[in-house]
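So that you can see what the record holds, here are the features copied from Swiss-Prot:
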type: BINDING; residues: Gly102, Gly104, Arg105, Lys125, Asp137, Gly138, Arg188, Arg195, Asp274; note: ATP binding site
type: ACT_SITE; residues: Asp264; note: active site, proton acceptor
type: BINDING; residues: Asn265, Asp274; note: Mg(2+) binding site
Amino acid sequence: MSQLAEKSCVTPADAAAPIPFDNTYARMPEAFYERVKPAAVAAPRLLRVNDALARQLRIDPAFLKSPQGVAVLSGNEIAPGSDPIAQAYAGHQFGSFVPQLGDGRAILLGEVVDAAGKRFDIQLKGSGRTRFSRRGDGRAAIGPVIREYIVSEAMAALGIPTTRSLAVVLTGEQVMRERVLPGGILTRVASSHLRVGTFQYFAARGDVENLRALADYAIARHYPDVCSAGDPYLAFFDAVVATLARLSARWMLVGFIHGVLNTDNTAIAGETIDYGPCAFIDAYRPDKVFSSIDQFGRYAFENQPAAVAWNLARFAEALLPLIADGGAKAIECANASIAAFDDHFNAAYLSGMRRKLGLVREMEGDLELASDLLTRMSENGADFTLTFRALCGAADDTKGDAEVRGLFADPSAFDQWTERWRQRLSLEGQSAEVRRTDMLSVNPMFIPRNHRIEAAIRDAEAGRFETFHELVEVLSHPFDDQPKFAGYAKPPRPEEEVRQTFCGT
């Protein structure tokens, strides 16, 4: 099995470069990518740099804000040590297989290793055409760019595994979508951009040699502990199943709807990736769909765990030639691994839901207690985020009931549930102060409300960016009360409600 370190092309001189690139994926066979330079833009202007993330990656934020840094972030200049490529992958899109997708408007500049020794990709999104662009122009409008910046950084602040956003650049050019819009480029950071669809790309071609090379690379980079397993490829699959089950549970605990859970948007590192038509639930409805292209609700909120499990089954199909005998035994092993998804998901979900309800001890009936609350919320139009936040003040003080009751169309529905909840809380050994502190740490006050994101996008399209910057700052502290910004916690008024979201590609 190949080792990641053997593929590194870093030299001592690279360490002093403004961006300390240490590239490995670009040393894989050329079937994995196309070498391509970003397309230059007319008048790049820096909109935002994520200073904290830059420092984590051992990049001086001052460089990124300099003329040379802006030139690199806009694709107008190639930084020393960068080896730009567009990655190849395939994917199932809404259940239909497409044998070649790939980075049609994104270019991987290279990789860096952070201060803790963890490797990250640095990628430009909206940086021009590649051979995978099909009929696209390779560009991005400012709306999808700032949407991904807002939501990915909010997810990180919520503690949910996610790709990150390092910078946003305005291109000074216009892009044509349903109307003419200002262009932008996002600098995305990810543990990697290896997707289920990356494995499907080689499996669909019967290219077992490169499939094995890809699996070896992924194991060395993300799951090195499985190298010593009797069947490392099966152990690799088991690890990805567990990781993605836990990730999907985290989504369900904050009311996040990805919107386009295709296999090419499923990262094997277990990070949330590709935020196109994503949204957060306001009033709780388990069947909620926002994405304009999800006409049949395939990726509705309640369907997300099943969608991820389906994607993992496709991942298993791609890996079959590497597992066991590659035949009947491999299928048997893969099926057993997929069957474990529900156990991983249920354990993570119930553990998270217990904390949201102030429960520490594991007791029978806890899942039913949580499910009953969600049913009552759905029937009474209760806001998902605000209900759980308000419970923090009601767990040990009935004076807090009024705030929760006010979120229910029929307050008696909450009254009936809260009797059971308080009875269950009485079996805990925590002090009220400890319980409240713990609940406040997992039940956010602030999420990226859809109407707030849309307001930031509208302002940005008009050349006003204050809303974007303020929203990013508020969402960086989602568990703090922030009285000055209390309005950001409120659900939309009827005229503000966002009913559909769009990819914007």
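Glycine is no exception: its Cβ is also placed from the backbone N, Cα and C atoms.
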Work out how many Å separate Asn265 (Mg(2+) binding site) and Asp274 (ATP binding site) at their Cα atoms, rounded off. 6
Nearest by CA distance to the residue listed as 'active site, proton acceptor': which of the binding-site residues is it, out of Arg105, Asp137, Arg188, Asp274? Asp274
Which of the three DSSP states, helix, strand or coil, fits Arg188 (ATP binding site)? strand
Counting Cβ atoms within 10 Å across all protein chains shown, which of the binding-site residues Arg105, Arg188 comes out on top? Arg188
Largest C-alpha distance in Å for the ATP site residues Gly102, Gly104, Arg105, Lys125, Asp137, Gly138, Arg188, Arg195, Asp274, as a whole number, is 23
Nonlocal residues around Asp274 (ATP binding site), in sequence order (Cβ under 8 Å, 6 or more apart): Val260, Asn265
Sort out the sequence-distant neighbours of Asp137 (ATP binding site) for me: same chain, 6+ apart, CB within less than 8 Å of its CB, listed by position. Arg105, Arg129, Val175, Met176
